[in-house]
Amino acid sequence: MQANSRSIRLMGTVIELKIWHQDASPILDQVEELLYLYKNRFSANDLTSELMEVNLNAGVQAVPVAADLFDLIALGKMHSCAPNSYLNITIGPLVQTWRIGFADARVPNQDEIEEKLALIHPWDIELDEEGRSVYLKKAGMAIDLGALAKGYIADRIVEHLERVGVSRGLINLGGNVLTFGPASHNVDDLWQIGIQHPKLPRGNNVAILKVGAESVVTSGIYERTLTYEGKTYHHIFDSQTGYPITSDVASLTIVSKRSVDGEIWTTRLFGSSISAIYQTVLAQEGLEAVIITKDDKMIITPGLQDRILLVGGGEYERGRL
């Protein structure tokens, strides 16, 4: 059976779908409809989305939301409030001030940053489970689910595909990859997923991972940047300073069963020390990681040691803690 593929430009990225099924076209149509539904629900950049209704009513009133949006916000709040977490779903005001990744990106002044820092406290999200409503306590607050939504969507898409009888496939939401079923086109039935080279244009891999039905999520400082007066700023922000995170890490890849978990942990940990990232991943059941440092080291957790092939030209070496 031949693979059937479709590419869709949506949510600021190119989404690639690949499935094996005898009647793939209508199924891919269904998936495309679901993607637009989720975009209209979760987007922080679309004034008509359900999430934006919550943001526009910050400091005004609680807003009833769809069950999946409520669940995703609740999940994001829990991980945002966790000790030592760099994930913060109330980061919206800071993201919209810097605008890194957009044509109007700029470096804000310190007064602007201080003003936004007062608005990015995740405990100021008030959740009413009975009424399934969300209230942002301060005017000007804004939830941004960019660190969670793609993973959540990928998980829901795979659930749908399996429900309609698709037994294997691959979902790539702009570098966030989720596979399901065996890769029967490969001798070992394992999927081969590339890890982006942090110093080269997109599409150049530094390593290839062999995975089963798993998620591979990578977060890196190379993804979206702004260069101003000779200094380069990346898009991963520190909620304490209001500036891009300072770290020895160039990219962090998490392998997990659920894609949303990969998204959560790449963001929660990006900003921690290399040792802290490594030890935290080891302590989490079902997680593995590849940490690429700015000084060209690759730290690999034990479960991936025999499942990774370095292909980046030999400049990276396997590091040790």
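Heads up, the Cβ atoms here are built off N, Cα and C, so glycines get one too.
According to DSSP, Ala147 (Mg(2+) binding site) is assigned to coil rather than to any helix or strand. The feature Mg(2+) binding site is assigned by TrEMBL to Ala147, Thr267.
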Same-chain residues at least 6 apart in sequence whose Cβ lies under 8 Å from Ala147 (Mg(2+) binding site): Gly76, Leu87, Ile89, Glu263, Ile264, Thr267
CB contacts for Thr267 (Mg(2+) binding site) [other CB atoms within 10 A, all chains]: 27
